[in-house]
Every structure is written in structure tokens, then in C-alpha cells.
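What TrEMBL says about this protein:
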- 64-366: domain 'G-protein coupled receptors family 1 profile' (DOMAIN)
- 52-72: transmembrane segment (TRANSMEM)
- 84-110: transmembrane segment (TRANSMEM)
- 122-144: transmembrane segment (TRANSMEM)
- 210-231: transmembrane segment (TRANSMEM)
- 256-282: transmembrane segment (TRANSMEM)
- 302-323: transmembrane segment (TRANSMEM)
- 353-372: transmembrane segment (TRANSMEM)
Amino acid sequence: MAGDDYSSIVEERLGDPSEVFDVYEVLSAEVDRVGEEFSMNDQLLEPWSEGLALYGYIGFVVGGGILLNSILIKGILQAKYSGALYFVLQIAILDICTLLISIWELFYIAHQQWTFESEHCTFYIGFESFTNIAIVYFIIGLNFHSISTYNLAQQISTADEELTNPCHELDSSSDYMTAEENNYEVAAESISQKRSLTIDYRHRKTSIPVIWPVLLIWFIAMSESLPLFLFSDVISTDEDVKFCTVLINDRTNHYIIQWLVISIRIVIPTVTLIVTTAMTIFKFFQGRKFTQPHEIDENVAFILKVSIFLSLSYVVLSMQKLYGSLLFEVLSKPILRHKYPEFDKQSGLMCSLLHYCLSFVRPLVVIILCKLKHNHMDITFIYKGNAKVTDM
């Protein structure tokens, strides 16, 4: 009796099997409709979220980075430093240009096509290459200058020790007594002449020129970027998608551009930067082991710190763009068609943001290093003060 009641209830509830399938189809259609609504909402919200993130980046990173770099430029120019900070000055100027260029690139990656005027494409590709080349080579130049400054400080310290060594004083006194017996005036003249020669020697070796290396780096960056200014343009695909690229119809010119970009922008900077960074770190820790503090001046240690920071930060945050984006762009035809072609859009945006945020972090850290109390740095970033020309 109970079984019959159960069967009747099931038959009353479910009815004909066709009705069951009708209910299933209705429910499936409802689920699909709700899923499509969620998908449409995601598609509508995604551009809004990307747009807010990009405009937030423009307001905070670009605006703040330009302000920090301007403060750093003002401080260096006002203090009139002519040595290592002259390289930092060039990097700060380039960082301002880099932050402005980043707006083009981030919107290019976010929209997956070029949405600006074709004239902007020429400026974007040309200046993007120009600033990246100049920055990495200025960091390398700063490393060489820091190493040379350290070696010069060692030579000066060694010369001071030789002049103040008691053994040398004993030899000088014995020579003086012998000369006094013969001729006092001749001995006095020879001693004064010896001292004047030592002073002249040290004066010629107290500064390291930076003008010619700086001019050479500007020339290299302009020479490498000039073809990109000439051949860059906007192209459209069959799907009416626009790309900012480099158009080279001749195969020979295409291979020449590839070889120049890979060698000058990837291979040479990578090898040189790694070698000079390792040498700079070695010099810094070697200087900390000196028994006498005056053997390594605080200003020399400051230069080494700045060089190490700029080098390591570039390796960590910007080196990925050389091998994750530029290398694949150059190997494609036409050149420079996509940014981060082997990554999806979100990964490309994140990698590009890491690279460009470095132009915000660099001046901030350098300003902090300059304002540390144990550095003998007379730089005023806000208020105007009197400063003398310093070779550093």
C-alpha cells in the first residue's frame, strides 16, 4: 500500500516524461541567460577597471615621478655637482620622458591596438628606444665612474701614507743632515721642489672627466633610435585593427635593424651591466674592510651605493622587458608589432608597469640617499642655498 502511494505521488509530481525534459530545457535556458548576464557584466566592468587603473597610474606614478625627478634635477643643478651626480642628472631627465612615453604604451597594451594618431606612433617608438638605451648606458657609465673614483681615492690614500710614513721621514732627515753639512740652501731647495712636485701630481688626479662619456652615450642612443623614427608607422589588419610598428620592406635592412637592436639594446648592455655591477659591489665591500676610515671617503661610498641601487633595480624591474618583450618584437615581422607578444594582456600590463614604475622609485631613493646624515652631500632640494662646485 505504501509502495502504491509512493508511485502515485511520483506520477502526480512528474507527470509525463516530456514535461520533465521541458522543465530541464527551461532551467537550462535560465541558467544560460544568467551566465550571459554575468559575462556581459564582466565585459562591461573590465574596461572600467582597466581605465581606472590606468588613470590612477597616470595621476600617481606619472605625476609623482615627474615631480620627484624635477626636485632631484633642481637639487643637482643648484649644488653644481660635476661628477657622478652628473650621470644621475641625465637619468632623471630621461625618467621624465619615460613616464610620459609610458602613457602611450600602457593604453596600447590595454586596448591591444593603437588608438592614437599615426604621428604619435613615430614619437612613441623612437623615444621609447632612445630613452631605454640612454638610461641603461648611463647606469653603466656611472658604474665605470664609481669604480674609477674608488681607485683614485685609493691612490690618494696610498700617496698620503707614503708621505707620512715614519721610515720615509727618517730617510728624509738623514739626507737633510748630510746636505746640511755640505750646503743648507741646496737641501732646502731640493726638499721644497720635491714637495711641490707631489702637490702638482695630486692636483692633476683629483677629478675624473664625465663630459665626453655623457656625450658619447647621447650619440649612441640617437644613432640607434634614428631608424625607428624614420620607419615607424601605423598599419591596419584585415580586421581593421591598428598596430604601431616599424615598416621595413627590404629584407637586408630588416636584418640590419634586428642585428643593431639585439646587439646594442640587449646583448651589450646585459653583459656590461652585470660585470660592472659585480665590480661595484666588490669595491663597496672592499672599502668597508679598510682599517682606517679616511682611506675610503664617505662621498665615494655614497657614489658606490647609488651605482649599486641603480644597477640592481634595473636588473630586477627593467631587464625583463628586454627579454620578455623587445627580443620577441624584434624577431617578428613587421618589427615591434606587439608588446609582450608571448604574454596575455594582464601579464603584459603588469610587466610594463613594473618597468615604468622604476622611473618613480629611482629619484625617490636617490633623494633619500642624498639626505642621509652620514653623507657629506650639500644638496638642497626645496630651499635655495649656496653651494660650491664639487667633483663627484
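Backbone N, Cα and C atoms are what each Cβ position is placed from, and that goes for glycine too.
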Query raised in the report: So are the transmembrane segment (210-231) and the transmembrane segment (302-323) touching or not, going by 3+ C-beta pairs under 8 A with a sequence gap of 6 or more?
Result: no
Requested in this report: Answer with yes or no whether the transmembrane segment (353-372) touches the transmembrane segment (84-110) by the criterion of at least three Cβ pairs under 8 A, sequence separation 6 or more.
Outcome: yes
Query - Considering the transmembrane segment (52-72), which listed stretch of 122-144, 256-282, 353-372 counts the most C-beta pairs under 8 Å - result: 353-372
Report task. Could you please provide the mean pLDDT value for the domain 'G-protein coupled receptors family 1 profile' (64-366)? Result -> 83
